[in-house]
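Data first, discussion second: the structure below is written as structure tokens.
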Amino acid sequence: MANVVPLDHEHSWIGWTLRAGMPSSTPRNGLCWPQWPHLAEQKSAAHRQDQPVLCSLSRLILKAFTLAYCIHRPILFASFYISIKEGPFFKCFNQKSAMTRPICFWYLLLIFLGLFSLSWSTSPKGKLTHDKRIPNSLWKRKEDFIPLAETSTLRHFKFGLKQSNLNTLYDELIKVSDPVSSSYGSHWTPDRIRDHFAPAAESVEKVSQWLRNHTSNFPRKRQITLSKGRNWVNIQLTLKEAEELLDTRYHMYLHEHTGRTHIACEEYKLPVDLFEHIDLVLPTVHFDTMQFDRHTTPSKINHLPEKSGERHETRGRRVFSAPAISPVAGAGRRLGNPNSGNIPQYSKTFNPAQISKKKNELSHCANMTTLDCLKALYKFGNYQMKSPKNHSLAIVEFTPQSVIYKDMDQFFSVFSPEMKGARPKLFPIDGGVANQDVIDFGLNGESNLDLQYSMPFVYPLNVSLYQVGDPSIGASFNNFLDALDASYCSSPLDPLQDAIYPNPIGYSKRDCGTIKPADIISVSYGMNEADATPAYLSRQCDEYGKLGLMGITFLFSSGDNGVAGNRGVCLSEDGSQSLVGKIFNPSFPGTCPYVTSVGATQVAPGRTVHDPEVACYTRIHSGGGFSNHFQLPKYQSKSLKNYFKNHSPSLDQAQYNSSRRTRGFPDVSANGANYVVAVDGKFGLVYGSSASAPVIASMLSMINDARIMVGRKPVGFINPAIYSSYLKSAFNDITQGANPGCGTQGFSAVQGWDPVTGLGTVDFSKLLPLWEKL
């Protein structure tokens with residue numbers, strides 16, 4: 001994970017200088033300008049671009065003084081005295097030039113701040129904020145927590161150790177993913193990845209020693225233990241002791257809808273010399289994991305106000321809401337809930353006879369997207385799988401979303417008769433089930449769409465279905481990643497974000513490393529970057545990078561709300577999310593530089609599959625923009641430089657991260673409008689980037705098939721390749737349309753990469769022969 005910025009000083013010169021002197025891993029949160037959008041006052045573009053120069057000077061000064069400090073403390077202060085008394089900095093103030101004095105002033109200021117920062121960080125008592133809690137309107141802080149929380153009771157505290165060598169992750173991933181690299185395709189084994197990134201012995205010792213020193217005077221001796229995977233240092237403390245240790249104040253938080261309570265703090269501090277060793281601390285800004293009583297039943301749990309079966313109107317369509325998965329402690333955010341903002345849009349229905357007459361006609365593709373329309377658009381209609389048993393494709397669904405098999409048979413009987421009766425290979429994760437009892441678009445539309453538009457394209461390859469989460473509490477991306485990588489289970493689950501397993505009222509285990517990852521994994525779900533803390537985002541993003549090293553391709557839909565986040569929410573100046581916010585709200589995991597983000601296009605009305613597509617605008621708008629957290633990866637720098645040079649957005653720079661130094665998304669696009677999908681015995685039209693990701697995944701699976709037949713390996717992490725000049729000719733540039741949101745018209749599709757449709761759509765007839773040769 002990237003070094004956690006000392007947030008309480010991150011916008012001060014002290015915090016800025018400290019950050020400049022710390023090693024930062026590429027391509028994430030090591031930026032030397034203040035992080036966006038937390039500043040109330042907005043810096044000019046020129047100012048932001050000037051800062052890295054000063055940052056470099058600051059880093060050099062810090063390194064020089066650190067070296068002197070390590071040799072002998074007096075040398076540091078002597079060298080500082082000489083540089084001021086006798087050196088050029090003192091003499092330059094004698095110059096009369098008005099231009100020279102300001103430069104001298106900044107050099108002196110940097111030296112003073114470097115010394116102050118160094119002395120602060122090396123002081124055993126010097127602490128800075130390590131993490132802050134993300135505001136959540138549903139959880140209210142109770143000031144009278146003391147009688148409720150029992151401050152004298154011992155509680156379990158866990159100090160998560162930072163993984164080693166994360167600063168090498170980007171470079172190592174590029175080596176196996178860049179076509180010009182001699183190591184292209186030489187993917188790592190799980191054992192090599194585990195050993196390379198395991199926490200260092202030094203981290204175990206330093207954190208343990210700090211805890212021993214702090215607790216030596218406690219009335220009761222505290223045992224310090226290490227987790228089995230050596231990822232966590234554990235100790236029992238009272239809340240009062242933890243407050244002293246972490247320089248914080250604990251409170252009780254009450255969930256207004258459920259009545260459940262959690263103990264947490266707004267922020268906590270650590271000695272700066274432990275920043276490079278500690279990833280996060282629990283419980284702190286992440287709520288404590290409160291367990292259910294073993295006799296608690298689902299019927300006793302309070303639910304959201306919207307009950308199962310309650311009708312509500314959504315964009316002109318009438319649907320039934322899903323049975324509410326309870327937002328109790330340990331349930332986290334429900335990616336699969338109908339109101340999560342992840343479910344595609346739905347419009348009018350047709351009877352099977354109407355659809356059957358038009359199933360093979362390409363003239364209707366501007367109004368109804370079918371399998372044949374997509375084959376014609378992207379020119380992959382003639383490809384036949386030759387080695388379907390030697391590679392794999394997986395579709396991920398989050399409970400309560402569930403595919404309905406009889407709907408699949410209805411779709412296949414019309415569009416792919418040879419597949420009637422075909423089923424995906426089900427891999428349940430944390431109690432996931434494909435529920436066939438409740439049929440409703442809000443519960444089945446996503447899964448039906450994903451599988452009806454992936455399975456036929458890659459047949460006879462048996463598509464895997466990763467069904468994540470039990471029916472009572474659902475699941476998150478972290479729960480899903482646990483099942484792919486056992487070592488990731490050493491990471492904590494945050495009850496505000498994740499489902500906590502084992503679940504006393506549901507699935508009784510926590511699945512860790514139970515699934516061998518498919519070669520290509522398509523995920524039509526997402527969250528907003530602003531939903532989670534920077535530490536949470538970085539740790540999860542790093543995991544995608546490590547799986548990329550293993551040769552796994554991750555595709556994520558870019559979102560359906562243009563520059564706004566899920567449910568159309570935007571950011572306010574204080575960083576909170578609101579329907580009336582004006583600042584663009586990028587999505588995650590699509591902004592992670594280790595995954596491929598897929599946007600949405602459509603055939604414009606009156607056009608055909610032979611005409612250029614436009615950015616999707618019917619019912620949804622392609623998600624896109626610039627990350628507020630992840631640094632611009634090198635593989636994307638040339639494309640973004642060209643974009644800003646030739647098509648600089650005519651938007652208020654205060655509304656988005658205009659630093660030009662953060663990750664842009666999406667990477668590629670595919671059609672996302674008017675998909676004919678069978679749901680509940682009828683055919684309807686479905687819209688969303690949810691449709692786009694499985695289509696791209698299917699084409700990549702065909703490419704893997706072809707590469708295996710000529711003795712090559714699966715494509716793995718594709719971004720360095722698709723941004724290369726070698727594959728440039730294999731994409732259809734989209735130059736019309738926009739992605740409005742947050743009270744603006746958003747960004748525009750332009751020549752070259754843009755934050756609406758990325759590099760454009762795929763021309764499979766050109767992409768396949770080029771990638772076969774790599």
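Glycine is treated like the rest: Cβ placed from N, Cα and C.
TrEMBL does not curate its annotations; it predicts them automatically.
DSSP assigns Glu446 (active site, charge relay system) to a helical segment in the three-state reduction. Among the features that TrEMBL reports, active site, charge relay system is placed at Glu446 (among others).
Marked as active site, charge relay system by TrEMBL: Asp450 (among others). Counting only residues at least six positions away in the same chain, the Cβ atoms of Ile395, Glu397, Val403, Ser522, Ser524, Ser690, Pro694 sit under 8 Å from the Cβ of Asp450 (active site, charge relay system).
Feature annotation from TrEMBL assigns active site, charge relay system to Ser690 (among others).
The annotation Ca(2+) binding site is assigned in TrEMBL to Asp733, Ile734, Gly752, Asp754. In the three-state DSSP assignment, the secondary structure recorded for Asp754 (Ca(2+) binding site) is strand.
Summarising the annotation, TrEMBL assigns domain 'Peptidase S53' to 368-774.
The annotation transmembrane segment is assigned in TrEMBL to 60-82 (among others).
For 103-120 (among others), the entry in TrEMBL reads transmembrane segment.
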Rounded Cα separation (Å) that holds between Asp733 (Ca(2+) binding site) and Glu446 (active site, charge relay system): 28
Rounded Cα-Cα span from Glu446 (active site, charge relay system) to Ile734 (Ca(2+) binding site), Å: 26
Nearest-integer angstrom distance between the alpha carbons (Cα) of Gly752 (Ca(2+) binding site) and Glu446 (active site, charge relay system): 31
DSSP-derived class (H/G/I helix, E/B strand, else coil) of Ser690 (active site, charge relay system): helix
Recorded positions compared (Glu446, Asp733) - the one with the fewest other Cβ atoms within 10 Å: Asp733
Recorded positions: Ser690, Ile734, Gly752, Asp754 - member with fewest neighbouring CB atoms within 10 Å: Gly752
